[in-house]
Structures are given as C-alpha cells and as structure tokens.
DNA sequence: GCGACAG
DNA sequence: ATCTTGTCGC
C-alpha cells in the first residue's frame, strides 16, 4: 500500500519563508556531543528520488547493523515535492517525506546518515542539521561534491582526510578518502555527532565502495519506491 | 554585476 | 536529482 505523504501545514511557501525557518532552527543544533560509537548499534541511511515532471518524491530509510552492515529494517514513503530546488534550501524539498519514512520504521534508527550536508552549508544548517533538529536524532551528512567549499586533496590511501573549509580557519567538514585513489566524499556534522566520530562511521560503512552502504541501500530502495509509485494501478479484467 | 552551487 | 548504450573489468 502506498500512501501519499502530506506537506505539513505552515511549510514555507517561498525562499524568504525557508530562510526564516533555517534562521530560527539553526540555534537548536547540538555540536558538543560525540554521538554513538562507530561500529556498534544501528545506522540508518536515508535518501530520496524525484520525478519532477509529476512533482513526486520517494524517500527510503534503511537500517543497518553497524557491526555487520546487514539490513535490519527498511521503509519508504511517497509524497509531493514540497519545495523547488534551490541550492542551500535542499532540505525543504525532501524532509517531509524523509520524516514519514523514518516514522514508518519498525525500529529506532540509531545514527542517521543522509545525502548532502550538515554544517557545510551557506548558513551552517544543511539537510543533516535540519533533520537532526526536527527528530532529535544523531545525524551526519555525506555528500558527493564539495559544493562551494574548498579543500586540499587528501592523501591517496583509504582513510586519508583533509579539512573542508568555508574560509580561512573555518572548518565545516572533511574531505574523506573512503577508497584508495578514488575521489573523496565530503563529511559534515549534522546534529549530536562529532566530526571525528562522523568520519569514523563513514569509514566503517565503506568497506568496498566510495559511498556508505547505508546510502547505497537507501538510494536503491527509494528509486524502486519511485518506480512502483509511478506505475499505473492494474485493474483486473473480466 | 553575473553565474555557479548539496540533491 | 535526471536524461541514457555500450563497455571495460573482476
């Protein structure tokens, strides 16, 4: 069964409204907790896929055992796209549907890993921070691109890292090499996790591929959920 | 001033 | 994000 997630009442209708929300929520981010220890407990990947033509977004949450990387639980949700794509306002596009997917899980999510950024954001309040503040969960962001931020190329070996900086002396995240000789990923803190711990989690989630297993699983699942949701219902014929 | 810019 | 065939490699 597929239910269409509602866009919450009071959801910002334009850029000015969204900026005001970020401004208000930014102060609630918690940055002084280390977060759950890497390699233990549960880790949940979240991701979304879009059909902009039909204004539909599908979200998936996949819970992994952090020690074995085996799937413990998963869920999906489908909704209307809640906001246009504006760099810096990505969270407003996907958060309602992501929250619905997290709510549908049969277990607590543990640490949440999302696509995109937390602190590494024009106003230091990216998707991972936003999701963290709304749920109270520990959240980190893992992005495939450095956005507008600068970094020095980390060493070529797996585990090598270098600061992702917004300006002289302001570290907003880390470029982390998860596979030897492969383009790094860009890790930033969302809520209630330290940057060191966030990077340790990401390394523990990348035994084989560039991107965390959590995101890879969530990516595959939300694409499938989108295909299913867009497939026209089959009426039985007599 | 203009364009680019996580997904 | 998404549009998209074949192809090189383990």
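A Cβ is built for glycine as well, from the same backbone N, Cα and C atoms used for every other residue.
Taken from TrEMBL as is:
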BINDING   A:47, A:115  Mg(2+) binding site
SITE      A:85  site 'Interaction with target DNA'
Reduced DSSP assignment, residue A:47 (Mg(2+) binding site): strand
Residue A:85 (site 'Interaction with target DNA') in three-state DSSP notation: coil
